[in-house]
Amino acid sequence: IFPCVFQAILIFCWVYVRKYQSRRESEVISTITAIFALAVALISSALLPVDIFLVSYMKNQNGTFKDWADANVSRQIEDTVLYGYYTLYSIILFCVFLWIPFVYFYYEEKEEDDGNTCSQIKTALKYTLGFITICAVLLLIGAFVPLDIPNKKNSTEWEKVKLLFEEFGSSHGLTALSFSISSLTVIGMLAAITYTAYGMSALPLNLIKGTTSAAYERLENTEDIEEVEQHLLRIKSKCRDGRPLSSRDRRTVQQLEERLRTLRRRERHLESIEKSWWAKFCEAIRPLKIVWGVLFIIVALLFTVSLFLSNLDKALHSAGFDSGFIILGTNLTNPLNMLLPVLQTVFPLDYILITTIVMYFIFTSMAGIRNMGIWFFWIRLYKIRRGKTRPQALLFLCMILLLIVLHTSYMIYSLAPQYVMYGSQKYLVQVSWNTFLKKKNLVFSDFFICSVLAFLSDQCIVTRTYLFLHKFWFFSAAYYFGNWAFIAVFLIGLIVSCCKGKKSVIEGEVDEDDSDMSDDELSVYYH
């Protein structure tokens, strides 16, 4: 089944990248990089359901371990999952700090200078060196900054240095990698707050509201063309007697001519859409889109309520800021944390739900990036448009998705902490009861769902995801505050999306800075 899933992911990534990339500016190296990075993001997102499934599969429903799941086998499975995480996360580090920056700067140099390839590679490597330096600094900080600082006041500086190298050797450098990934996860948290939170509100409401009619837009566009042409004629009539136009009139004529070119491009696009079979098909499945939109908004509200209750529980009952707001037990349950244990009774409904949640976050993130574009603070860098997206924008999109995937695991943990820790595991408890009449000890056995209360016992196996998320308390504290920001941005995006009207049927496909040659890039989608 895994080869089939891998092939399906590659096919989806190829179709997605080819759908949005510009035909005139496409490059083989940028296309391969985007497809590979997007595939790594999707494969990494599948690790969480696999991790939960494996720790649950080692135990029976009555709380006992299966015959084959002895201590050595359990440890091998845990280590395999852990090294699977570190392998994929190492690939993510390679993509974020080396491959994607190099391809980005190489393409930038190629646009500016079509000369020597060696010169372009040297310049791209020079800029990429800055990203490599940042990665090296993060690895060094994670490797040589101990989590447990010795309290001995009489310890010498040499003893402290020896402790650093001893910790680095005992962890085989995995702590350094964990620190680097956690640093990127914080950046992914900011990307999720910006794009995922908005996508969760914009995607369902856009499906419900739909788009304006192509025929109606074409009628309005024709009226705008006539109005601009009449305005141009009135201005040009001033120079019929040979008098030159004033500088103000010349600027107005130039602006009107640019506006007229844009309107005529819109006319061509609207005419193509009106005649296309794809537009007719979308109109036929309009009721299905409304149903999906209603379903998505219900799921988004369910996630938001669950996240709010989970964060509120941490605010009221956690061990505090210094512990990263880690909570021992669930005091305020949330809908999702209640639903997953119920679904555990019917295999494999709980795994289907957790996989659906992960993919929901990925696709809403894609929708948010597509609607908003790529921003650096208040500066808009790139737009994501069907058939017109520049290679640099696709590289940025894939990098953002890689970072968001890193934060997805903590988002799922916030929604269902008990399930992410133990899955569907149960543990056996034996209670001894001394009867005075028969003077015998009666032993009763009962099994319970694994929770934080069983953390110290060896009857429940914690997922590697949980241990990875709580390796550094200060990152957990940052994620806690990030969840509040996520909720706030989602509510703001929901209000904004409700107030906005219907989107244009050619939303984002025609801009004033487009050339007339770019009109041909979209014809493949309409005919």
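Every residue, even glycine, has its Cβ placed from backbone N, Cα and C.
No curator has checked TrEMBL annotations; they are predicted automatically.
Keep in mind that what you see is a predicted model, and the values were worked out from it rather than measured.
Annotated features in TrEMBL:
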- 246-273: coiled coil (COILED)
- 28-48: transmembrane segment (TRANSMEM)
- 83-107: transmembrane segment (TRANSMEM)
- 127-147: transmembrane segment (TRANSMEM)
- 174-198: transmembrane segment (TRANSMEM)
- 290-309: transmembrane segment (TRANSMEM)
- 351-381: transmembrane segment (TRANSMEM)
- 393-413: transmembrane segment (TRANSMEM)
- 473-496: transmembrane segment (TRANSMEM)
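Tertiary proximity for the transmembrane segment (290-309) is limited to same-chain residues at least six positions away from its ends with a CB under 8 Å from its CB atoms, namely 200-201, 203-208, 210, 332-337, 357, 360, 364, 411, 414-416, 483, 486-487, 490-491.
Counting residues 6+ beyond its ends, the transmembrane segment (473-496) has Cβ neighbours under 8 Å at 182-183, 185-186, 189-190, 192-194, 196-198, 200-202, 205, 300, 304, 307-308, 310-311, 314, 321-326, 407, 410-411, 414 in the same chain.
Away from its own ends, the transmembrane segment (351-381) comes close to residues 16, 41-42, 45-46, 48-49, 52-53, 191-192, 194-200, 202-203, 206, 296, 299-300, 303, 336, 339-340, 343, 393, 396-397, 400-401, 404-405, 408, 411-412, 415-416, 419 of its chain (Cβ-Cβ under 8 Å, at least six residues beyond either end). Beyond the transmembrane segment (28-48), the same-chain residues lying 6 or more positions past its ends with a Cβ under 8 Å from any Cβ of the stretch are 5-6, 9-10, 12-14, 16-18, 21, 81, 84-85, 88-89, 91-92, 95, 99-100, 103, 106-107, 354-355, 358-359, 361-362, 391-392, 394-395, 397-399, 401-402, 404-406, 408-409, 412, 420, 465. Per-residue pLDDT, averaged across the coiled coil (246-273), gives 82.
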